[in-house]
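> I have a structure here, written as structure tokens, and I will follow up with some questions on it.
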Amino acid sequence: MSYEDALSSFDPVMGLEVHVELGTATKMFCGCATEFGGEPNSQVCPTCLGLPGALPVVNRTAVESAIRIGLALNCNIAEWCRFARKNYFYPDMPKNFQTSQYDEPIAFDGYLDVEVQGKTYRVGIERAHMEEDTGKSTHVGGATGRIHGADYSLLDYNRCGIPLIEIVTKPIEGAGELAPEIAKAYVAELRDLIKALGVSEARMELGQMRCDANLSLRPHGQEKFGTRSETKNVNSLRSVERAIRFEIQRHATVLTDGGTIVQETRHFHEDDGTTTAGRVKEEAEDYRYFPEPDLVPVAPSRDWVEELRGTLPEVPSVRRKRLQAEWGISDFDMQSLVNAGAVDAIVDTVAAGADSDAARKWWLGELARSANERGVEVTALPITPAQVARVAALVKAGELNDKLARQVIEGVLAGEGDPDQVVEKRGLKVVSDEGALGAAIDQAIAAQADAVAKIQAGNLGPVGALIGAVMKTTRGQADAARVRELILEKLGVS
Amino acid sequence: MPGITREEVAHLARLSRLELGAEELDHLATQLDDIIGAVARVGEVAADDIPPTSHPLPLTNVMRPDEIRPGLTPEQALSGAPAAEDQRFRVPRILGEEQ
Amino acid sequence: MADLTRLTAAETAARIAAGEVSAVEVAQAHLDRITEVDAKVHAFLHVDTEGALNAAKAVDERRAKGDALGPLAGVPLALKDVFVTQGVPTTCGSKILEGWIPPYDATVTRRLKEAGVVILGKTNMDEFAMGSSTENSAYGPTGNPWDLTRIPGGSGGGSAAALAAFEAPLAIGTDTGGSIRQPGAVTGTVGVKPTYGSVSRYGLVAFSSSLDQGGPCARTVLDAALLHAAIAGHDPLDSTSIDAPVPDVVGAARNGDVRGMRIGVVKEFGGDGYQAGVLERFNESVELLRELGAEVVEISCPHFDYAMPAYYLIAPSEASSNLARFDAMRYGLRVGDNGDRSAEEVMSLTREAGFGPEVKRRIMLGTYALSSGYYDAYYGQAQKVRTLIARDFDAAFAQVDVLISPTTPTTAFPIGERADDPMAMYLADLCTIPSNLAGNAAMSLPCGLAPEDGLPVGLQIIAPTMADDRLYKVGAAVEAAFLDRWGAPLLDQAPAL
């Protein structure tokens, strides 16, 4: 069934659950490092390994991050809340329970505004709660290398116990055909907010932010929600949009054919954009939640909460609007900057003294191209906003032209040092010695009598040819505008 | 309160990851029924206006600074492992899924 | 020289400090005693001869250098096998942990080592501390040194028996529903459950996290106080640890006195179901306290009748979760891994083979009580009962300084008598459970022998939270008065092994 047909009969209702791995130095309940990429089982202790007798102690910074996320999402912060044990057996989880929060989340009842096609949608936030990540299993043998059909598994617990914040939306209703885009915009906005808070880098490709997408359909006019499916681990913005779109069409097809939707978890496949059903459980899970007796309640004082409120950054959407106005650019240009992930770099470059046009020009031009060639984010390039600002300053002062400035940037990226060092080493200064320029101009005038005659007759077209010749003689290190002035002056046409 | 059935006991055994034998299951069903009958008395006294106590001490906000503490070496971590490979715990194939 | 194994801990430490005897000689005397009698008693699951002699040697070396020694330096101790010990096997009396050697020390273990205490080995216990007789140990029962055919109490039967058999002057136990006090009562020794949160649980293998509390076991009140002071105090690794100074228990034990104190007899503990000789000894203790200058009144704690049902919901519920980690994946036993079975199947086969009947019973009961649909009626209600019991204590302690009762309704029963009758077994902890639910402090100390069977009877003293010193003040006064009356410690009447 086509997407349009699906929406002609049904209203989609979505629910998004996003897990964010906090960027704390240590784990949620123990002092082990959280650094990514360590040797297997090198960042573990009795607590996160679930050894008999070991006990958890809450990481204060993780609680502060949770409260700040809650405040940024316009939530109420609980005056008193607890951790609970969620009991189920799974080898990635050494205690065979996850320490999480159940009916007493630290933050609840908030919202996040997202913009889609120029319109603002308010996505309700049900709750944000604290929990811990699991370890990682590698499945060995079998034909597929995946979990099913493997011969055995290998477990690494370095990730086990890293603090997670789970953010759950209220049912998102009334999105209509924009549902997939709203879902994507919500996750994008949430990611920007998390980054702005400085609590996580929220890099979806590294699993620092993971999304589960619930979807149900109901016939137009019906109030009761339909049965939902839960698509797990949808781990890029594009996948969020595609997974919702696919599930809308799948549900509509089943329902239209008179079938029923089974409440189940589904897996999203990046390659073809489809979802498939997870393994059917023989029995309904029963997590037997109860208050974690090894931890005491968290009761944030109002003073503490207000102090944390004072540390909140400007909301990303508001900040974008402000910057767009300050820089005087169009919606389209702003969107390009956002898409390129260059907004912060430009802000920093402007702060380092460049004007915003120049900053945008370099980050979106030469640097974006370089980043693309290297396959990295533009902000990951080995050049600082201060260095870019210095290049812009040299151009503005007339000491570099654009062509030379590109070479300077190339030098900085190649590790040849600061812009001034590259200029020095590569000898890239604009030739501003009027004597040397004069000689080159005289040479060009002498060599191109025809062009000179035309110019003197009032046709300025051939000036370009003369400038080109001068630039060639000076190996590009002349200021073209100044050369033009000098030629016209010499020929008496200025 | 109705007594506990043999099926319920079997379900509890699966939830608890205990591969009980048939005879053991019967025996446990009888004993659990007795015990549950006796402990159900807690329903007699505690009224709605009584708050639950999950913990004997009224402590709150016990937290530690976000500072790294030395943990175990990988050798120590794996020292009790029934099987290990490539510095990881080796376990039988996993059928279920992460929650 | 007197038999070193008959000395109190305080005397032993004093002699070592004075250079009258070396710590190594003391340790060797106890190791010899263990070799001599433990085949009969079976108090120990593991004897760490080398570790004990090395620790003793280190104390002697420190003394030789002129270093100041702590009040228990060089004193041997038997550690319940529920505390982890780096490099020394820890089994919790369970087959599922057979052969496991922890890579870390419990806070209690670390503090004992720092105090120069010589850890002789690990003592027998009911599997994962679930039981009142030590019959639930996967490694066989422990005998009561008063009568080896009878139970030494539980779960810390090994620790109590080690004291009564003069295998160690000090021991550590854990008390979740009475596992320090009840073994103390039936072996004629002293056992204290400190206020919940005053002894760190870090490295204590959890049975029921909100109830478990480590504590001292000894043959005298003063020895218990010295050990209490050595292990108690705030631990940043245990979130439920109290961050406040430990009451001066040693000072209280040295100055036993009940003059002017108001003491409450718990009305609900007595009568039907209590052995006549137990009540006789208890009533004698009440008279003794009056003679010593205390005012004794009767106090009703109406909700104590509901303590046992609440306990048998809360403890199994927490246990079902705490014991989930024993799953054959990372440590301990693994059964049935034939290369074909799944992790899930191996988990279930291992837990089936590795846990004993009582542990399985409680895991099942706890799983049931926490299940959706039953949670409110069972776990939720039990937690409300907990509130009511705490209120009973608050009301009582508004009127009296301490409460007293028999520690346990009967003297030591024969091994096997209640083995497959869980409800009968659970009665052993009737009087001890309320303090675990409320978290306050309690002690058991010997108050004589029941005339009908000649076995020890325990007197329980209960104090408010963080008033542990009152236990020692009252306990020391009672102990001194009985010693006066009997002319010798009660344990001198125990048969020779």
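Glycine is treated like the rest: Cβ placed from N, Cα and C.
Pasting the feature list from TrEMBL:
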type	residues	note
ACT_SITE	C:Lys80	active site, charge relay system
ACT_SITE	C:Ser155	active site, charge relay system
ACT_SITE	C:Ser179	active site, acyl-ester intermediate
DOMAIN	C:25-471	domain 'Amidase'
> Just jot down the residues in the same chain as C:Lys80 (active site, charge relay system), at least 6 apart in sequence, with C-beta under 8 A of its C-beta; none if empty.
C:Lys122, C:Thr123, C:Met125, C:Gly156, C:Gly158, C:Ser159, C:Ala171, C:Ile172, C:Gly173, C:Thr174
> In sequence order, what residues of the same chain, 6+ apart, have a Cβ less than 8 Å from the Cβ of the residue listed as 'active site, acyl-ester intermediate'?
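Set apart from the residue listed as 'active site, acyl-ester intermediate' by at least 6 residues yet with Cβ under 8 Å, we have C:Met125, C:Asp126, C:Ala129, C:Ser132, C:Gly153, C:Gly154, C:Ser155, C:Gly156, C:Gly173.
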> Where does C:Lys80 (active site, charge relay system) sit by DSSP, helix, strand or coil?
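DSSP assigns C:Lys80 (active site, charge relay system) to strand.
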> Over all shown protein chains, what is the count of other CB atoms within 10 A of the CB belonging to C:Ser155 (active site, charge relay system)?
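By my count, 35.
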